[in-house]
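Taken straight from Swiss-Prot:
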- 444-492: compositional bias 'Basic residues' (COMPBIAS)
- 27-131: domain 'Cystatin kininogen-type 1' (DOMAIN)
- 272-375: domain 'Cystatin kininogen-type 3' (DOMAIN)
- T136: O-linked glycosylation site (CARBOHYD)
- S398: O-linked glycosylation site (CARBOHYD)
- T399: O-linked glycosylation site (CARBOHYD)
- S406: O-linked glycosylation site (CARBOHYD)
- S512: O-linked glycosylation site (CARBOHYD)
- T520: O-linked glycosylation site (CARBOHYD)
- T524: O-linked glycosylation site (CARBOHYD)
- T536: O-linked glycosylation site (CARBOHYD)
- T548: O-linked glycosylation site (CARBOHYD)
- T553: O-linked glycosylation site (CARBOHYD)
- T570: O-linked glycosylation site (CARBOHYD)
- S581: O-linked glycosylation site (CARBOHYD)
- S331: phosphoserine (MOD_RES)
- 396-497: region 'Disordered' (REGION)
- 1-18: signal peptide (SIGNAL)
Amino acid sequence: MKLITILFLCSRLLPSLTQESSQEIDCNDQDVFKAVDAALTKYNSENKSGNQFVLYRITEVARMDNPDTFYSLKYQIKEGDCPFQSNKTWQDCDYKDSAQAATGECTATVAKRGNMKFSVAIQTCLITPAEGPVVTAQYECLGCVHPISTKSPDLEPVLRYAIQYFNNNTSHSHLFDLKEVKRAQRQVVSGWNYEVNYSIAQTNCSKEEFSFLTPDCKSLSSGDTGECTDKAHVDVKLRISSFSQKCDLYPVKDFVQPPTRLCAGCPKPIPVDSPDLEEPLSHSIAKLNAEHDGAFYFKIDTVKKATVQVVAGLKYSIVFIARETTCSKGSNEELTKSCEINIHGQILHCDANVYVVPWEEKVYPTVNCQPLGQTSLMKRPPGFSPFRSVQVMKTEGSTTVSLPHSAMSPVQDEERDSGKEQGPTHGHGWDHGKQIKLHGLGLGHKHKHDQGHGHHGSHGLGHGHQKQHGLGHGHKHGHGHGKHKNKGKNNGKHYDWRTPYLASSYEDSTTSSAQTQEKTEETTLSSLAQPGVAITFPDFQDSDLIATVMPNTLPPHTESDDDWIPDIQTEPNSLAFKLISDFPETTSPKCPSRPWKPVNGVNPTVEMKESHDFDLVDALL
């Protein structure tokens, strides 16, 4: 008894020891916020340009203890108004305007060591760029401030004046030039008020040598940068009457540019529309047409990629698509630009290597092409495993396949099979010496005891000796009160199964069509319910899974095609009717957290959330 008790306790204790302690906690927890703070601070520190990102809200969090504490986090961020180079933290920044602010979602795993130390183990952020300000041609509010395009020509005199103003009023040793205009606004008054935000970059021109910017002054990638916001008033005579400027300069840290690695003789990618490819492509298509034994010329349709390599000359490696044209080789001496592509012609995928020796004026092209195949239609019969290997049997010119035999496809399949069309079909089956066992469709041997009155033999879809109700071709043994009658006068004769089997079925059957259908369905369900019954297809091959490039039209779907799938009767309160989930459903009512700050005056504790789920009220509207 003690041994049983110990085993019982061990069986209850071992599963709890093997499971990792993981639980969902409140997104507004203080430790969760510290973990997100560490993750967001690390992300902002890795960016060197633009503005910092500010926390919007925490959406998911889970804590794992094994043995250290790990937080699995998912949080949303928005672009703030503080540059990365500023000394502010993300908590001191405000959100940027919604139309101009980038957004993102981050997934991070943060470890907690000790009581206060948080370290980021892994983090991935997906950033969505801002849509930018909406620029319209007309505004309903005359005299209101409205955004304008950053590429507007009206900004050129204002920006030119602003750059000159900055260079004349700063003590920096070098001149600065405009880098990027970020946003601009304008207001129509007695003239125009402009407000422009832009970035500047240090150039290679020092103030000792240059008093103003010249075309020789170029921006330095490793120089200082800055961001300015200017306000200017332009009067009706297009003169700048007032101007104010506020700039933040960000000195670059000591940085040594690593030497670029030179690879002499390595292939370098070139644009597919480069003019340098005209000569190699012309030699490639000429080589293709000379070696191809087709009756029509080919021309290049699309260039996929191209590289050039410096060897003893130049080596071009080009991948392109060539298509057959309407110009025949018999009536045209060479390919011309007037030759149009034949949309129904052959398509080739080509790899070309062209060696160009400029000093010898020689070109050595090599072209290797393969015809492009079309997507094949896969067909799998009911109950056939998708993991079974398929061998595609190809013939010259096309792929020969046959569809699986079903209740609606024997006539079409037999007509497409030329080997079976010639000569009479002997026996009661689809092939000599083969026996088909398919219960439920009248194929194969089947015994059924019934309360019928006689011994019926009916002709139908079945072939071979079959004993059943319905459309079976053969004998059916029944135990009843009447005499045994043999109504199958044609039984024992050789039939071609392509003959109108429905007509013979109706002539030999003494029951109504409704009774026949009812008995057939009853037989189908009972036969499918028998255990250990094998379903075999004597003429089925793996190639039946592959359809031809130009498949024949299949007959329309009818209700008899659904006889492959039995109707399983289930009670509403049975276990088969109710689905039992493998794992308990988890809910997280404590997430997402409240927004960190209000967005455009929205209360952070109350947020309107759009729901795209289906509502029953929608069906009543």
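The backbone N, Cα and C atoms fix where each Cβ goes, glycine too.
Of all the Cβ atoms in the protein chains shown, 6 others lie within 10 Å of the Cβ of the residue listed as 'phosphoserine'. Across the domain 'Cystatin kininogen-type 3' (272-375), DSSP classifies residues as 17 helix, 54 strand, 33 coil.
In terms of DSSP helix, strand and coil, the domain 'Cystatin kininogen-type 1' (27-131) has 22 helix, 54 strand, 29 coil. Mean pLDDT, taken over the domain 'Cystatin kininogen-type 3' (272-375), works out to 89 on the 0 to 100 scale.
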